[in-house]
Amino acid sequence: MTSHFLKSRTLWISVAVLAVIGLFGAFLLMWRPAIDPIERPTTFDTAQLQRGARVVEAGDCAVCHTRPGGEYLAGGLPLVTPFGTLFSTNITPDKQTGIGQWSLPAFKRAMRQGIARDGHFLYPAFPYVHYRRMSEGDIADAYAYLMSGPAVHAPALQNQMNFPMNIRPLVSFWNLLFLHGEPLKPVAERSEAWNRGRYLVDGPGHCAGCHSPLNLIGAEKSSEYLQGGSVDGWNALALIGMGQRANPWSREQLVGYLRADVVDGHGTPAGPMRPVSLSLARLPASEAEAIAEYLLSLQSPHSVTETTPTTQPGPPADHSTGALLFTSACAGCHGPAAPMREIDGRPGLQNTSALQASSSRNFLKTVLEGVPAIPGSPGPVMPPFAASLDSDQLGALAAYLRQQARPDQPWADLSSTIEALRQETK
Ligand code: HEC
Ligand code: HEC
Ligand code: HEC
């Protein structure tokens, strides 16, 4: 009787001790201290501010931290993730609602570890996985630039994350698994441009955030680096083996594309790539040239770059509806004699990545959403057609244009892709 009592008591004590150790471990993993608030610094060196402006541009900070119609860097842009909707925050130097009380060490910790000044975990939708690879100097310059800007009062919006992702400390487990990269060091055997390109791609440019496939909990699959991902219903195509494709990219084409030009043979960036390319266009051309140098050095591990979808040969399709729709809705801009093509020397649609890709998604997304103008430039704009074309019309148009571009490989999945895209945008 006594011995049984003793045994169960020892058992209970062991369980209690283990539980305390476990809780303590979890506490250590999930708790971060606050970093003391400071008075906003006000004097900065002009050269540093100029460098900082370029870092903020290369890091696309404004792309996520400015909502349409909102104030520069004041946050409030919704980011729709598979785990719920998250809003970017105010990174202007406002004392109450922005980062006005953040010291440089607090800012660095956020950029490298994803921890806010008060100690709370930030969601990895903020690409600190990549920013942690940036140099000390770049982070300090970005900090100076942000601190020198106008303070905007803009309180954070309420996130709508699903359970269990609404519990922020759980991000610590994600970090434990996926937060490993070190600040990038130059590779001695490679040119300065190549090293610069790699730095821009893997550090501030966070290209793999969209161009690598993600796993089930939203982390990049490092074994499939830059092998193609998807974002907001668009395909972000593979950035490896770009010079070895059936329709290869030249260096010149790639530099032009990265700076939002319309490039014969590949087209122009649309969708989520557009703001990225507009940022690059505002930087010196040497930055896009460096990126091209690096990307063109990445070989594809597969000998065939584009997988050919299997299509069942059916009866020859009738493309008269598609051809008619093209004449009425598109030819005014994209037809052979359209002023946009004759005056501006724009290439025809058939050689664009949108129409050459094995998936119809990017073509369909471009037509549904249109292509907005380049801010401050009088260039032509493509209107969105989501409301004016119904699904059958869109399907007929896509089949017709694909037939012009790739007669050997019709898109097999058109009506289901169109339905999926319409569902996703609801
Ligand atoms: C892909 C979108 C995206 C980009 C690009 C991005 N951010 Fe963010 N950032 C976010 C989101 C979303 C949050 C809020 C995360 C959260 O609440 O957990 C955030 C939070 C932050 C925070 C924490 C602010 C706070 O109030 O807690 C800082 C600092 C920050 N970002 C700085 C930057 C800088 C500097 C850049 C550019 C180098 C940048 N971000 C680029 C999405 C982005
Ligand atoms: C926010 C997501 C996102 C980020 C970040 C991003 N891209 Fe893209 N990228 C896309 C999408 C989507 C497309 C397809 C656009 C289209 O079809 O118009 C694309 C297309 C491209 C293409 C054309 C590929 C082809 O074969 O047609 C290149 C090149 C490219 N991106 C390079 C980059 C580089 C370099 C970076 C980093 C500096 C980068 N991207 C960052 C989403 C992104
Ligand atoms: C008012 C002029 C206008 C009309 C009408 C128009 N577009 Fe466009 N389209 C543009 C502009 C501008 C671009 C961006 C590329 C450029 O500047 O040449 C573009 C780009 C595209 C692209 C992306 C090509 C690339 O460079 O990657 C596709 C695909 C496209 N349009 C298809 C269509 C289709 C299909 C229609 C008819 C339903 C249509 N467009 C109607 C002006 C127009």
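Just so it is clear, glycine is given a Cβ too, placed from its N, Cα and C backbone atoms.
Residues annotated as transmembrane segment in TrEMBL: 12-31. Only residues 6 or more beyond the boundaries of the transmembrane segment (12-31), in the same chain, are considered here, and those with a CB under 8 A from a CB of the stretch are 119, 121, 169-170, 172-173, 176.
Each residue of the domain 'Cytochrome c' (47-150) gets a DSSP state, and the totals for helix, strand and coil are 44 helix, 12 strand, 48 coil. Annotation source TrEMBL lists domain 'Cytochrome c' at 47-150 (among others).
The Cβ of CYS61 (heme c 1 binding site) lies under 8 Å from the Cβ of LEU73, ILE91, ALA142, each on the same chain and at least six residues away in sequence. Marked as heme c 1 binding site by TrEMBL: CYS61, CYS64, HIS65.
Annotated domain 'Cytochrome c' per TrEMBL: 192-299 (among others), in sequence order.
CYS210 (heme c 2 binding site) falls within a helix when secondary structure is assigned with DSSP. Under a cutoff of 8 A between CB atoms, and with a sequence separation of 6+ in the same chain, the neighbours of CYS210 (heme c 2 binding site) are GLY229, SER230, VAL231, ALA236, PRO272, MET273. Taken from TrEMBL, the feature heme c 2 binding site covers CYS207, CYS210, HIS211.
Marked as domain 'Cytochrome c' by TrEMBL: 317-405 (among others). For the domain 'Cytochrome c' (317-405), the DSSP-based tally of helix, strand and coil residues reads 50 helix, 2 strand, 37 coil.
Annotation source TrEMBL lists heme c 3 binding site at CYS330, CYS333, HIS334. Counting every protein chain shown, the Cβ of HIS334 (heme c 3 binding site) has 18 other Cβ atoms within 10 Å.
Close contacts with ligand 3, defined as a Cβ under 6 Å from any of its atoms, occur at CYS330 among the binding-site residues HIS65, HIS211, CYS330. In this structure the alpha carbons, written CA, of HIS65 (heme c 1 binding site) and CYS207 (heme c 2 binding site) are 17 Å apart. Straight-line distance linking the Cα atoms of CYS207 (heme c 2 binding site) and CYS64 (heme c 1 binding site), rounded to a whole number, equals 14 Å. Counting only the Cα atoms, the space from CYS330 (heme c 3 binding site) to HIS211 (heme c 2 binding site) is about 30 angstrom. When the domain 'Cytochrome c' (192-299) is classified with DSSP, helix, strand and coil residues number 48 helix, 10 strand, 50 coil. The average pLDDT the prediction assigns to the domain 'Cytochrome c' (192-299) is 95.
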